[in-house]
Amino acid sequence: MRVVVIGAGVIGLSTALCIHECYHSVLQPLDIKVYADRFTPLTTTDVAAGFWQPYLSDPSNPKEADWSQQTFDYLLSHIHSPNAEKLGLFLISGYNLFHEAIPDPSWKDTVLGFRKLTPRELDIFPDYSYGWFHTSLILEGKNYLQWLTERLTERGVKFFQRKVESFEEVAREGADVIVNCTGVWAGVLQPDPLLQPGRGQIIKVDAPWIKHFILTHEPESGIYNSPYIIPGTQTVTLGGIFQLGNWNELNNIQDHNTIWEGCCRLEPTLKNARIVDERTGFRPVRPKIRLEREQLRVGPSNTEVIHNYGHGGYGLTIHWGCALEAAKLFGRILEEKKLSKMPPSHL
């Protein structure tokens, strides 16, 4: 069975690993290749702070909440693993801040120790009148992609830097299954009017005294369009830009100033922080994730395509649940082709 995964961000690599983990023992040979024109450190995943938090509003597809929870539980089970540091995985506590009371999020029982802020805590943030405190996880994209790449390489997965122009091109080369994890660029391979870039820009600073995440929310300006501060292992990520439909990959000085002024107002000690890096990336925004099978007719035969893209700004938050779901779709393909029994249901 020849499988080609297109895309080498967190969605592509985790899906490749999940398929191999689930089926390599029951399907011989299982040949997996990863095609991408960008690998770490040049992917969208590399720009992300890696903070686990779904959107505040419930997803239109209820399965997405399950996939996010599966990802949190999977990561939490690795938090004391000797590999946690290599994954860029650690616990972090902090604040979500609002100007008025809002309902608790559906994921409040997934994270650890969720509670409302006390009046004394709110005194620390005079611009805000309501908030939550909880402990969540950070999975730093750059570390995690490197770790996934090493695990896949150990398993014999091959990587090829190439720009794929069409599914037909890959199918004609002999792929039995194509896994489409091309993120914001999925529309190049197949038109998708629902998919848009959600441009983000972030500043990374050296500020080791910042120990808590701080996310602010402005309902009128939409998700990710107000200041946020997220500490990592080496640097602190500052953000607050979300521009739907903007394909400009260059850093913008106006956006830089918006981020810097907003974050320094939130945490004045940042004014003394040294800027280490500044990056721009595109969140693959879609009303709901596209995670489904499609049959592609190429010449006399059919090639199976599994689509797994459109994860917006929460790819690291939901990636493992989506990888498991994609692996189940792969298993159904094998069943239909009478190539394998389904793996045990402990997934």
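Each Cβ is built from the backbone N, Cα and C atoms, and glycine gets one as well.
Swiss-Prot lists GLN53, GLY313 as binding D-dopa, and of ARG274, ARG279, ARG283 the one it places in that same site is ARG283. Within 8 Å of the centroid defined by the CB atoms of GLN53, ARG283, GLY313, the record's D-dopa site, lie the Cβ atoms of ALA48, TYR55, ILE223, TYR224, GLY312, TYR314, GLY315, THR317, excluding the listed residues themselves. Rounded to the nearest whole angstrom, the C-alpha distance between ALA49 (FAD binding site) and GLY313 (D-dopa binding site) is 10.
When the binding-site residues ILE11, LEU316 are scored by other C-beta atoms within 10 Å, ILE11 scores highest. Non-local neighbourhood of GLY313 (D-dopa binding site): ALA48, GLY198, GLY200, ILE223, TYR224, PHE242, ARG283, VAL285, each in the same chain, at least six residues away, with C-beta under 8 Å from its C-beta.
Under the three-state DSSP scheme, LEU316 (FAD binding site) falls in the helix class. The separation of TYR228 (D-serine binding site) from ILE11 (FAD binding site), Cα to Cα, is 24 Å.
The distance from the Cα of TYR228 (D-serine binding site) to the Cα of VAL164 (FAD binding site) comes to 35 Å.
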